[in-house]
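What follows is a single structure, written as structure tokens, with notes after it.
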Amino acid sequence: MDRRTPEDLREKVILFALIRSPQSRFLAAEALDELKTLTETAGGRVVERLIQIRTRPDPKTLIGSGKMKELARICQEHGIDLVIFNNDLTPSQIGALEEHLPCRVIDRTALILDIFARHARTREAKCQVELAQLQYRLSKLTGRGGELSRLGGGIGTRGPGEKKLEIDRRRIRQRIRYLKRRLKSIERSRLVQRKRRRNLFKVAIVGYTNAGKSTLLNRLARERVKVSNQLFTTLDSITASVYIRDGFKIILSDTVGFIRNLPHQLIASFRATLSVVGEADLLIILTDLSDRDWEEKVDCVRRVLAEIGADQKPFLPVFNKIDLVFEPLEFKRARRIFPNAVFISALKGDGIEGLKLTLKELAQKEVKYGQKEEPQLCWPSLYR
């Protein structure tokens, strides 16, 4: 009889970050905190975290020989299944690392793609994730006609597309072209739906992953969108008609969450899903005020919006999870940076009526909230 617990069955993982100066240690620790959350979302169990300071990364293995021996020893002692690097790795570096280590090696991008594959539910999301994964895999193929195997399992090997196949460049490119055609067809259907809503005021909720976007949509629209304390639970843009006050109706959309250094393959593949952001009359930039790094998360959102061409959109800053904030100075700091911000708890309902009133006023007046008179988004100077 197998007496192992679900915790015992999870893959054992070591997280590794290479930095070039001691001054970066604090930022690396924060990055590994986020990488730990990503790993747990993917079903892994973090056993150890390692940071190496090295001014010149080794072009073959990224890390030094001494650290390699230490890493191999820890892997052997703890029966590690996987090492995840916070740094981007080349195919040759992954191969060299796996020659020295008794386990698999992936980088942060592969981990995020794996999580997206795990959470893809709709036809569109599955197409978008598979497209991003194939573009990533194509970039990792080495040599003439090199092949990349997907045999095996575990974190970094999941995907909604072809499984347990050796796929060469030609077949990958064929599949990419097919997926792009399917996504264009889906987008045409989406455009027909949007034309019906052309005369309604459209609001898109954007923010860092796990900021509470789906919870807010549920609260405002009384929908039953899946909510989870995991990253990237929502991969599709979910749109609902919302009567906010006195029978006044708007169109509200929830979007995929953003994250720092979001893989460019995902931004490109999810451009159709994120198009609701570009078509919105107003963005709600939702921020978790209980997150000690909320300012950096807001900056990440701004950078992703710039990448998809939506950083000039009118926006309303909304701070969520105020029921978890017990420091008055945090509210003062947020108000100092964003004087017109709205403070809510989407879970408890605090501040929701005030948010509805603000949305109604903006929709009625079509005020370019958060903008100067010239067509430029009025981001505070520290975010420019």
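Cβ coordinates are placed from backbone N, Cα and C, and glycine is handled just like the others.
Going by TrEMBL, these are the annotated features:
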{"type": "DOMAIN", "residues": "201-367", "note": "domain 'Hflx-type G'"}
{"type": "BINDING", "residues": "207-214, 232-236, 254-257, 320-323, 345-347", "note": "GTP binding site"}
{"type": "BINDING", "residues": "S214, T234", "note": "Mg(2+) binding site"}
Quick one: mean pLDDT on the domain 'Hflx-type G' (201-367)?
84
On a simple 10 Å Cβ count over all chains shown, which one of the binding-site residues K213, K321 is most densely packed?
K213
Between K321 (GTP binding site) and S214 (Mg(2+) binding site), the C-alpha gap once rounded to whole angstrom:
13
Helix, strand or coil: which one is G207 (GTP binding site) in, per DSSP?
strand
How many other Cβ atoms sit within 10 Å of the Cβ of S214 (Mg(2+) binding site)?
22
All-chain count of other Cβ atoms within 10 Å of S345 (GTP binding site):
22
